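J.: Encoded as structure tokens, here's the structure I'll be asking about.
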Amino acid sequence: MRETPSVRSARDSWGITESVGATALGVAAARAAETAQADPLIRDEFAFLLVSAAGPTWAQMAVSDPHWLGADADARRIHEISRNYQAVRTHYFDEYFSDVAHAGIRQVVILAAGLDSRAFRLDWPAGTTVFEIDQPKVLEYKTATLDAHGAVAKARYVPVPADLRDDWPAALVEAGFDPAQPTAWLAEGLLPYLPADAQDRLFELVGVNSAPGSRIAVEAFNMSPERYTEERRAQRRARGEQMRKQLDLDIDVDALMYTADDRADAAQWLSEHGWQVEAVPSADEMARLGRPAAEADLAEFGMDGVLMRARLDGERL
């Protein structure tokens, strides 16, 4: 097995401005910036407050115009591609939840939820429970921030502090999850931050805890070592240097990811384990929603992934 090193350790943990936690701030900032556009693809009225509560450095990332990039046209182009990608990804999974709600599923589990605000911003049918699993400090930050601003969930909202590398199903059941009921699962922006064997174990545990008719939506990427060589990582770090200097941040997202040439293809794994999968390349979904981007640009910045949804019992999605 070939792999490129990660700065992560087997038992690492983090708060919202640290390590993987900081990536949740970056994603929420992109949603806030999209929401502030004249014709936004998605609206997340909670994104800005969740980002700005982390401090002014983060808040300036969450506005419509990336003024902090100055006149650097290339940096602005990259920023726009990233914002568009995050908007399209969010839209795809919002549609997924709308579909599963109409299908009658009333139990939702968001894995590594970060600063996801769907429990508060989507219109859930009566009787829906949204469970969110993430690191304790991340969930503490989110719930405290939302409570301080009087945010009211539109479903029964249950944060579950747990590490996805531990026995998280036990924590989920203890919080009220019923594995006998169909569940809608979400793994968005998660898989690159799991070792290959942990990804397999995650899917196995999801399957064990999924009743017939359950659904799952996943964002997957090509995490082979060839894509994340030290040379390519250095090139990507150099491209993002102005952003880090302007924002006074020292975060190397690539170094937080796990790469290995034996990582299972998510769609193939799910198909082989009884799930009926429908998948779309991110470039195709971006084009469909009017936010096209060159595939070479998406590949260079790790956004040439696959968005997929699957149903356990093999019926049409």
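From the backbone N, Cα and C atoms, a Cβ is placed for every residue, glycine too.
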J.: With D163, L164 listed by Swiss-Prot as S-adenosyl-L-methionine-binding, which of these, D134, D147, D197, is given for the same site?
T.: D134
J.: For D134 (S-adenosyl-L-methionine binding site), list the number of other Cβ atoms lying within 10 Å of its Cβ atom.
T.: 29
J.: Please give me the CB contact count at 10 A for D163 (S-adenosyl-L-methionine binding site), counting all chains in the structure.
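T.: Taking all protein chains shown, D163 (S-adenosyl-L-methionine binding site) has 16 Cβ neighbours within 10 Å.
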